[in-house]
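Noted in TrEMBL for the protein shown:
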- 57-77: transmembrane segment (TRANSMEM)
- 97-118: transmembrane segment (TRANSMEM)
- 125-143: transmembrane segment (TRANSMEM)
- 188-211: transmembrane segment (TRANSMEM)
- 226-245: transmembrane segment (TRANSMEM)
- 279-301: transmembrane segment (TRANSMEM)
- 351-372: transmembrane segment (TRANSMEM)
- 378-401: transmembrane segment (TRANSMEM)
- 413-431: transmembrane segment (TRANSMEM)
- 443-463: transmembrane segment (TRANSMEM)
Amino acid sequence: MGLSNFFKGQEPSLTDIHDQQSRRPSATEAMALETRRKSVDDAVVTGASQITTRQSIIPVALVTLLFFLWGFAYGLLDVLNSRFQVALHITQGESSGLQGAYFGAYFIGPLTYSGWFVRKFGYRYTFILGLSIYCVGCLMFWPSAVKRSFGGFCGSMFIVGSGLSTLETSANPYIAVCGPPKWSEFRLELSQSFQAVGSVVAPVLASYVIFKNVGTDGRDLSSVQWVYLGIAIFVGLLAVVFYFAPLPEITDADMADQAEMTEGATGYVDKPLRKQYTLFWGVAAQFCYVGAQVGIAGYFINYFTQARPDLDVTKAHQQGSNFYAIAQALFAIGRFSAAGLMYFTKPRWILLAYQTMIMVFIIAAITVNTGGSTNANWGGLAMLMLVLFFESCIFPTIFTLSLRGLGRHTKRGASFIVASVSGGAVVPAILGNVADKIGTRKAMVVPLAFFIIAWSFPIYLNLFKGKELDAYRDSHVGTQESASDVDGAVEKDLEHSRVENKLFAA
């Protein structure tokens, strides 16, 4: 079940898929399978690739709940980072161990057990597995708080990260593929907006509830125990809900079928996974972007503390949590705004525009210091908060655009993209250690460097992949039941494409 099996996993062959296309089940038949609650063979064309927007509303809404969950967990992570520096007397560099544990799990899970699990047992049972692991991780916070063990907290966070990475391995691609392909980016952007809402709620609760009474020295951690116990109970109940939930399974065979229906008229050719260059560029861009985003979020409160030399450390951390909540609110607003824009214009244009603005404002956050050494640096803080606004749409848009045209490699490709979230374990560690030496504001050159690498991806997409991506944007598959972009006039072209696929695979 290691990397060798991951690369040699059971993906449907093109021959098997083509043999089933003469009797392709309807989307209605695919929806009827949801009540069986059984895993579906990944090589079977179920007809789910043609699910309409109306049919996808309930399953997409249920899975969107999961996005709120890990937004909440992520929001708490950033606050815990700064609080543990005070409560456990650790440095900024040492506190990055929380991010290292949380995001390190993202590298291991998708490339081993969770990537294999979603292909073997389907989306429903992967949701349940992820929620169960998440529940165990939350329960482990209780003994860690009792023992005041930072190592214990890191171990607990690793288990939480393992559960959430398993959920992301299934939830992100599920939202992307559950419904008409032309609205894929819009669906994931909208669902991820609720993840951003969770990230707003978490620091507000942390400031006014969780860390409201931490003692005069700020060292009391008992509230952490109760918060994570409550999360564990809720997550356990949610796992039961997902067992009975109406979730149609969407197989890799369905995605290959959809790719041919969408791009058959434009010369779609199936490629081996090793030649999916857009996917691997997207993985590299996602690794760099997530690392930079997590670094900024994890050290936002430290940036605030150094930007407010007029406040004592405890008060600065409390106010920093409030301002971080405002920044996360801007992040959420940015996601909703990007989702709205994607309804009217091309996602690849939005990705390029937002990533360009990120670099403009992160450079400003590094160079602007309106307060000097004694007064508040409100200018730098404003620039950093605007960075979070434009970060909003990057992750889901890179995710969906990287999956375009993968066909039968969709689940495996999604596992790679989720694994790239492990960039969040690398960049904060670098940033934290640099910040200990030169200060947090100047250390923001670290995420800037990674943003520049990520910026190359939308440039590449707009220059070289526009026609292929726009084929999905203009697709009619799933907009009405049994719709297909491949009609009788282009059936010969599709047959020619299938012949090329066989020769290519050989």
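Using N, Cα and C of the backbone, Cβ positions are placed for all residues, glycine too.
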Quick check: do the transmembrane segment (125-143) and the transmembrane segment (226-245) share at least 3 Cβ pairs under 8 Å, counting only pairs 6+ apart in sequence?
yes
Would you call the transmembrane segment (351-372) and the transmembrane segment (226-245) in contact, using three or more Cβ pairs under 8 Å, pairs 6 or more apart in sequence?
no
Non-local residues, at least 6 beyond the ends, that sit with Cβ under 8 Å of the transmembrane segment (97-118):
1-3, 5-6, 9, 77, 80-81, 84, 125-126, 129-130, 150, 153-155, 157-162, 164-166, 168-170, 290, 294, 298, 411-412, 414-416, 418-419, 421-425, 428-429
Can you name the far-off residues of the same chain, 6+ from the ends of the transmembrane segment (57-77), with a Cβ under 8 Å from a Cβ of it?
34, 98-99, 102, 127, 130-131, 134, 157, 160, 164, 167-168, 171, 174-175, 178-179, 187, 190-192, 194-203, 206, 210, 227, 231, 235, 238, 241-242, 245-248, 297-298, 328
